[in-house]
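Swiss-Prot annotations:
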- 1-29: signal peptide (SIGNAL)
- 30-133: domain 'Cadherin 1' (DOMAIN)
- 243-349: domain 'Cadherin 3' (DOMAIN)
- Asn265: N-linked glycosylation site (CARBOHYD)
- Asn304: N-linked glycosylation site (CARBOHYD)
- 455-564: domain 'Cadherin 5' (DOMAIN)
- Asn547: N-linked glycosylation site (CARBOHYD)
- 697-717: transmembrane segment (TRANSMEM)
- 733-893: region '6 X 4 AA repeats of P-X-X-P' (REGION)
- 753-807: region 'Disordered' (REGION)
- 773-776: repeat 'PXXP 2' (REPEAT)
- 826-949: region 'Disordered' (REGION)
- 890-893: repeat 'PXXP 6' (REPEAT)
Amino acid sequence: MFGFQRRGLGTPRLQLWLLLLEFWEVGSGQLHYSVSEEAKHGTFVGRIAQDLGLELAELVQRLFRVASKTHGDLLEVNLQNGILFVNSRIDREELCGQSAECSIHLEVIVDRPLQVFHVNVEVKDINDNPPVFSLREQKLLIAESKQSDSRFPLEGASDADIEENALLTYRLSKNEYFSLDSPTNGKQIKRLSLILKKSLDREKTPELNLLLTATDGGKPELTGTVRLLVQVLDVNDNDPEFDKSEYKVSLMENAAKETLVLKLNATDRDEGVNGEVTYSLMSIKPNGRHLFTLDQNNGEVRVNGTLDYEENKFYKIEVQATDKGTPPMAGHCTVWVEILDTNDNSPEVAVTSLSLPVREDAQPSTVIALISVSDRDSGVNGQVTCSLTPHVPFKLVSTFKNYYSLVLDSALDRENVWAYELVVTARDGGSPSLWATARVSVEVADVNDNAPAFAQPEYTVFVKENNPPGCHIFTVSARDADAQENALVSYSLVERRLGDRALSSYVSVHAESGKVYALQPLDHEELELLQFQVSARDAGVPPLSSNVTLQVFVLDENDNAPALLATQAGSAGGAVNKLVPRSVGAGHVVAKVRAVDADSGYNAWLSYELQPAAGGSRIPFRVGLYTGEISTTRALDEADSPRHRLLVLVKDHGEPALTATATVLVSLVESGQAPKASSRTLAGAASPEAALVDVNVYLIIAICVVSSLLVLTLLLYTALWWSATPTEGACAPGKPTLVCSRAVGSWSYSQQRRQRVCSEEGPPKTDLMAFSPSLPLGLNKEEEGERQEPGSNHPGQPRQPNPDWRYSASLRAGMHSSVHLEEAGILRAGPGGPDQQWPTVSSATPEPEAGEVSPPVGAGVNSNSWTFKYGPGNPKQSGPGELPDKFIIPGSPAIISIRQEPTNSQIDKSDFITFGKKEETKKKKKKKKGNKTQEKKEKGNSTTDNSDQ
């Protein structure tokens, strides 16, 4: 204090330093915590704020923080609860190594006023380090002469932990030669050694593999291992040994010099120089040292002179083997050599007059070559016999002594074997006999006896329609088993007529590569299947050929937009005018948009969407997603606009989808005005009374005609059904073609187009479908029908169906037919018979119930084609007394409903084309008939409304 005054410091500054020093002493208290190493993130260490006497609310305000010089990120404080916790991995061995004490020093600093606290966190050791040896394998070299109880030091393991976790104990794997000596001083091993319990024998056990395991004292225990490889060093304590003590060898008298007589082999179980063996001749009896030699390194005994059977028949050779140890050790054996009298001249073979190559169509007994043999020996040793390679189509025929002919024994096939390597063997009669061989190569010349062959008799190809001209659609390949020009294959079309056009106008085939090209764009709507043949011809003489059938299926693409069908109140694509009474309730069907799509499958599956009104205003109408029926969403009231312009977007399910737009003009009128206005709209400039008379006349005519047809059809069908026997198969020629069907739900007529299937049998054919609806029991007189268009076909004459006739998806799902085809001979005959499906797609399907929608038959399947399906049983057929819900007037867009519905039902009223008249309930119609004066007023109002539209 006085020192500061001597330096000239003023009293105020001195007081400030004293104040700071006082705060420092107050806040410099020290806390102690402990935490185990490797603790997880978030592990609780201590309530540091509580232990320091700090309030939790003031930690943030006073800028509470923790600082450390070296390891500040290991621990962290939660300012919300004042708890010190582990922030990151703590490794004691990394922090403090082998030190007995390990701690982390933290400084806790708070401001306002400034205070510094010292926190000491002790890191406790856990047993997380196993014992580790410095080497994976320790090698020990021990001589086999070492005495028992000999000691061999080992290098111990180390443990990075401390105290009990680093206290190691050792154990040795079980063995009969060594034990482990591990004396301790109470804390750690002083010296680790192996003790030899039993003398080693290198010849029995050249090396030992032991496993030394070190275990620490932690909880749980951790271990470490090292492999001990003990190699036993050799001592020269074994003699060289031969395989046998005596050897017997037979040797020809004409054996040449350096001929190997015998190779001796002596082994010494010692190793190194103690196991190296040298050989030496001790004696040869009778006197024959000049006849044989012995290689001292490899033990080979060889002929060194000329042997003579008549001079000596046996030789006895004594051999010694000596190792290079100190002192050297030796082994002995005896070799007996027998001299044999042999046939020393081999036969000779000569092949002449070869007739090669041989054609594969050569006849048996054809002479291929002449063979002669000879032998310079005499007697039995000079008698020679010949033989040929077995299992070949050739044989040797002896013509006279020592002459043979090589002839063909059986037919040749070059495709199986194109060449033969024959071996002619000549053997004499000596003992042992000598032989000689001669090789004859016989090549088989090819003959064109194999036609080109395709991998399979028929190929199926799928091509998308609208392909570019010259498009490569397939490649045919035929293989000819012959060779050279006989295997050279060229391709061509099997030309024929497809209707009025040649096949070559559709496709072409490259003569060399076999690639098939489409010469023009294919149209799925015109041609679904193109069947033709491709011929493969070789270049042989005479040429051979074969055909393969190609079935080219033209896949549909979405290239046709939906087409709107003409209605009674407007043309296709034009606006349709509809009058709706304001008194109708929710769900009342206002109109129905009909459309067809010339594509197939999903490309022809249509959906309907009502476009939002201009200005975003909400309209009280909706359209069925798959039926096209426009109905009210709620009851109409006076607040609704008297006129609505509805835009219905018709969209198919192709990729990309194509659309069409229909316009429906809806006028809201009073309840009594709708029927009269509809009548005048239908009649146009004609008088209302004349229009109503025409409608009634046409309706009565249509009902009478259809009723007559239904009665006739039902009688004919019943007679055929009961007259048919259960064993009938296909219809005999001359029986009428009959298609009986039953519809479930509403069904309408759609556009029927002619589908051409081009096959190789005759000209293209067009499927003919005939529908014979059942006769209704009675027709409700008050049910409003539809008139039949003038000019309808005569009942006996076929007519192209009206474009407004098409089967709905729900109808197809529930429709089953019994089909009799005269030409194809297909007849339903009990279980297993053909089951006809009607894969057509219609825009006139009714609104599905409970959100169910009848899907299309499937993408790529034409909606107007016939598909015969052979199933395990027959579907239920409609009986003579069962009636369909509706029937169709052929050649007319009229669809007559004979369902018995409630009087107030408005369901499916839009399925009828009423020539501009909206159908009301029967109760409303009766009320309208009773009030003629009100009807005249409605006519005037309807005229005014139509003029406004």
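Yeah, the Cβs are placed from backbone N, Cα and C, and that goes for glycine too.
Remember, it's a predicted structure, so these values are computed and weren't measured experimentally.
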Spatial neighbours, same chain, of Asn304 (N-linked glycosylation site) - Cβ under 8 Å, 6+ residues apart: Lys257, Glu258, His290, Leu291, Phe292, Thr293
C-beta crowding around Asn547 (N-linked glycosylation site), within 10 angstroms: 15
CB within-chain contacts under 8 A for Asn265 (N-linked glycosylation site), separation at least 6: Phe242, Asp243, Gly299
Counts by DSSP class (helix H/G/I, strand E/B, coil) across the domain 'Cadherin 5' (455-564): 7 helix, 55 strand, 48 coil
Mean per-residue pLDDT computed across the domain 'Cadherin 1' (30-133): 85
DSSP-derived helix, strand and coil totals, residue by residue, for the domain 'Cadherin 1' (30-133): 13 helix, 40 strand, 51 coil
